[in-house]
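Notes for the one structure printed next.
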Amino acid sequence: MHYLTKIASPETLTTQCLILGVFDGKQHGSSIDRLPATPKKHIQATLKKGDLGGKAAQSLLLYGVPGLKAERVLLMDLGEQKSFDAKKLASAMGGAIALLNKNAVRDCALMVPEESADMLYAAGRDIAISSEEQLYLFDQCKSKKNRPKKPLGKLTLVVKERKQLNTLKKALKHGTAIAAGMNLAKDLANLPGNICTPSYLADTAKRLGRKSTKLKATALTEKQMQRLGMGALLSVSRGSREPAKLIVLEYRGGKENSRPVVLVGKGLTFDAGGISIKPSAGMDEMKYDMCGGASVFGTLQACVDLDLPINVIGIVPSSENLPDGEANKPGDIVTSMAGLTIEILNTDAEGRLILCDALTYAERFRPAAVIDIATLTGACVVALGHHTTGLLGNDDKLADELLKAGDDIHDPAWRLPMNDDYRKQLESNFADMANIGGKGAGTITAACFLGEFTKKYKWAHLDIAGTAWKGGHEKGATGRPVPLLTQLLLKRCKLAE
Ligand code: BES
Ligand code: MN
Ligand code: ZN
């Protein structure tokens, strides 16, 4: 969708639909107050009937409102004025956009409520993100596309003062880049495992690399990984006919000598569990086990779109995890690139096996910080559900930075503890460590495993097992945590306001 900004009074706007925010379902709010007497009276009389707000309708679509050039008016309930914020405005707008997109409305205009004047950046950004979320459609694999005949293609944000235009333009640019990154992540994740293979991801990375001279994409082959000694990663892909890839995206937008932020994303394109096979119910959802990698792609694409002045490296170890005569067996011992030996007590704890070698590989980029993103543990879904990402790591400042970025952009994370007591759960009688930590604290012991490979730099781990996709009738990828990661980078560039 196209986003425009404008200064105008509501009665002069020629649009197919003028969107006005209303507080408490009643007649007030700046958008109503700014109307000339004739349309104002009409709208107030309509609102008096009480159909809008509270448990009633979230929006009302009016036709033929006198004294306006707009063909329609959408009255959008913004809830209580005292608890109003950018998130509420954006989610109400999401609802409005979804409704108008279904109708024959191609262009609309929002009178940005003056109540959002002191949060205009967040409001503009969040409106773009939530509008794009509503317009997102994944029908690549359907032979009959069921798209709206007259899709919504234009939203104009109308403000009062000239100086607000610049803030809003910047906010919309950031919001649309983040949304496009989320859409890329969603598309990759929603694709099935037979299409989105490690090679498909590697090709996608190369396609991204062609978008900008600042972005370079490469993919290591199994042979190259072998030479590097990536015995843990390769042990997972040995049970699959699809060759593993170690995908590397290098975005150089910052000073040549400035240390990069390295993002490492789990790119397991299908996780059947291997010999420790998963139950069959719901196993299709394990095509989403590459959502960490997809979020790295999405974030790097946003870096390109925003031309961020920072260096960012994306590393995506990618493989399948299947049962096979050559697959890992419980009790097998493999040697990681770092030299640590690992006893594989459960072949379904494969994410950490591919990540540990990628995390060792990350050392060569002299990282300012390394953040890994992975659908790592079912235990994280038990602990935090589908709302909050699990955060662990070895650096308090980096962890706080991530928490703050997540809160800013409504993509929240919550930190869990890590210490020696948990690490000891990984002790093995036969190797340097086991790949599982036994009963209790599955998310923490998984992070402790990764922590053995991240001692040389500042590191944080995001467990997105609960937040990367939704199940049930809403089944689909969420694009998280692209917002969180992009916000962190924007803030490092001092651009997020
Ligand atoms: N990809 C899964 C984690 C997962 C499970 C994500 C359910 C989302 C929903 C991961 O590879 C896995 O299988 N983890 C095991 C670890 C266990 C064997 C220690 C798990 O969580 O059951
Ligand atoms: Mn698994
Ligand atoms: Zn997995």
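Any Cβ shown, glycine's included, is placed from N, Cα and C.
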Of the candidates Asp271, Asp420, Asp421, Asp432, the one that TrEMBL places in the Mn(2+) 1 site of Asp348, Glu350: Asp271
Site co-member for Mn(2+) 2 according to TrEMBL, given Lys266, Asp271, Glu350, out of Asp284, Asp289, Asp332: Asp289
Cα-Cα distance linking Lys278 (active site) and Arg352 (active site), given in Å to the nearest integer: 17
Other same-chain residues whose Cβ falls within 8 Å of the Cβ centroid of Lys266, Asp271, Asp289, Glu350, the recorded Mn(2+) 2 site, in sequence order: Leu268, Met286, Met290, Ser319, Asn321, Gly351, Ile354, Ala374, Thr375
Cα-to-Cα gap, Asp289 (Mn(2+) 2 binding site) vs Asp348 (Mn(2+) 1 binding site), nearest whole Å: 12
Residues among the recorded positions Lys266, Asp271, Lys278, Asp289, Asp348, Arg352 that border ligand 3 - Cβ under 6 angstroms, in sequence order: Asp271, Asp289
Residues that sit under 8 angstroms from Lys266 (Mn(2+) 2 binding site) by C-beta distance, when 6+ apart in the chain: Asp289, Met290, Cys291, Gly292, Gly293, Val316, Pro317, Gly351, Ile354, Leu355, Asp372, Ile373, Ala374, Thr375, Leu376
Recorded positions whose CB lies under 6 angstroms from ligand 1, from Lys266, Asp271, Lys278, Asp289, Asp348, Arg352: Asp271, Asp289, Asp348
Rounded Cα-Cα span from Lys278 (active site) to Glu350 (Mn(2+) 2 binding site), Å: 12
